[in-house]
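Among the features that TrEMBL reports, active site, proton acceptor is placed at Asp114. The active site, nucleophile annotation in TrEMBL covers Asp288. The feature substrate binding site is assigned by TrEMBL to Asp114, Ser115, Gly116, Gly117, Phe118, Asp168, Gln211, Gly238. Residues or ranges marked as Zn(2+) binding site in TrEMBL: Cys326, Cys328, Cys331, His356. What TrEMBL lists as domain 'tRNA-guanine(15) transglycosylase-like' is 36-387.
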Amino acid sequence: MGCSRSAVVDRSEGEAFSVSFLKMALKFEVLGKFNRARAARLALPHFVCQTPLFMPVGTQGTIKGLTNNQLEEIGCQIILGNTYHLALRPGAELVDDLGGLHKFMNWKRALLTDSGGFQMVSLLHLADITEQGVTFQSPVDAKPMLLTPEESIQIQNKIGADIIMALDDVVKTTITGPRIEEAMYRTVRWIDRCIAAHKRPDEQNLFGIVQGGLDPVLRDICVRGLVDRNLPGYAIGGLSGGEDKDSFWRVVAQCTAALPEDKPRYVMGVGYPLDIVVCSALGADMYDCVYPTRTARFGTALIPEGLLKLKNRAMANDERPIDPTCLCMVCRNYTRAYLHCVVTKDPMGSQLVSYHNLSYMMRLSKDLHTSIVKGQFPEFVQGFLRVQFPKGDIPEWVCNAMEVAGIDISTCCAP
């Protein structure tokens, strides 16, 4: 890769080095594989990442309750920002004038901005979708706001994230009928408008988003249409919207099998640890979700066994840390009893549990990467499932997915 500009990339080891970019401002190198699962090095303009990886969601340039130093401390590689919300407040022009989102929020590692398309689903009562774009009723001042593919990309060019997402037509996977087909074909049409509007391809990577609901034929058409555009990376969108788990994993399996081997694959909106392990086994690389921090604010911690509800009365005199196997700052310094006392009652409580939950997700990501590189991925998956399901009652959808992924989990299952 080479271009007129050289970018300094901060490695996780703390060493900076120079990487040049041509048409795509990334380099994706697979370091290890087990069947469909892969571990890779993803070099972006601001950071060299290891995949599989989880991205916490900082809607308006901040992860609630955590500082950037804390995020770096736990190994966060990419933060996700929301184009729709950033455009409303503080505004793309202001962010651009102040040097882009990296400088504005003082984050030296990588950023990804979504396109605003997801708000078609989450704020549908405020939105009107046409071929031109999406007209939103602003939740700030109730004024109409038109988000076209061109406008979405222009805003994201000003924000300056390492990865930017094409505007897609998003519908819930629980919807059936002609609306699914309409949204898929519109998503393919809009990608060309996004590509034409993208003015910083040597600095920002435009990812396309595969849509098509739960229909394998529509998903296949969308995958082929996007791959023909030779984009830097691809996302699998429209999932985690209420569909059954058997449908969920089958869509992921279909899309990862059809997407290029030499490009990153991002499953949008996935944040449950079990889902991430399954999707990684099926060949996905990147994930994002509000789940780890949102569930922390309700007093629930992520642990290898599943969930620890710190509000429960049994926690009131428990002197153990959240997770005895965790070395994060919270588990080294605070007991379950203390967290039971402050969680949901004091901002400190949600901050500490958020820190632990994101630390858990970063450790999971690192363990996935390391186990694949070392050729120990089946053993990692088996160990993960044994701890989560000590009685062997592994859900059938997980068993089906692992069979397709080529990972034998028979020793983890009850007779």
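In case you wondered, yes, glycine gets a Cβ from its N, Cα and C as well.
Unlike curated records, TrEMBL annotations are generated automatically.
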Number of Cβ atoms other than its own within 10 Å, given for Ser115 (substrate binding site): 30
Largest separation between Cα atoms (Å) of residues that the record links to substrate, namely Asp114, Ser115, Gly116, Gly117, Phe118, Asp168, Gln211, Gly238: 15
Recorded positions compared (Asp114, Asp168, Asp288) - the one with the fewest other Cβ atoms within 10 Å: Asp288
Phe118 (substrate binding site) versus Cys331 (Zn(2+) binding site) - Cα distance in angstrom: 35
Other same-chain residues whose Cβ falls within 8 Å of the Cβ centroid of Cys326, Cys328, Cys331, His356, the recorded Zn(2+) site, in sequence order: Pro321, Ile322, Asp323, Leu327, Met329, Val330, Arg332, Tyr355, Ser359, Tyr360
Rounded distance in angstrom between the Cα atoms of Asp288 (active site, nucleophile) and the residue listed as 'active site, proton acceptor': 11
Of the binding-site residues listed as Cys326, Cys328, His356, the one whose CA lies nearest the CA of Phe118 (substrate binding site): His356
Between Asp114 (active site, proton acceptor) and Gln211 (substrate binding site): CA-CA distance (Å): 15
Neighbouring C-beta atoms (10 Å sphere around the C-beta of Gly117 (substrate binding site)): 28
By Cα-Cα distance, the member of recorded positions Asp114, Gly116, Gly117, Asp168 nearest His356 (Zn(2+) binding site): Asp114
Residue among binding-site residues Cys326, Cys328, Cys331 with least C-beta crowding, 10 angstrom cut-off: Cys326
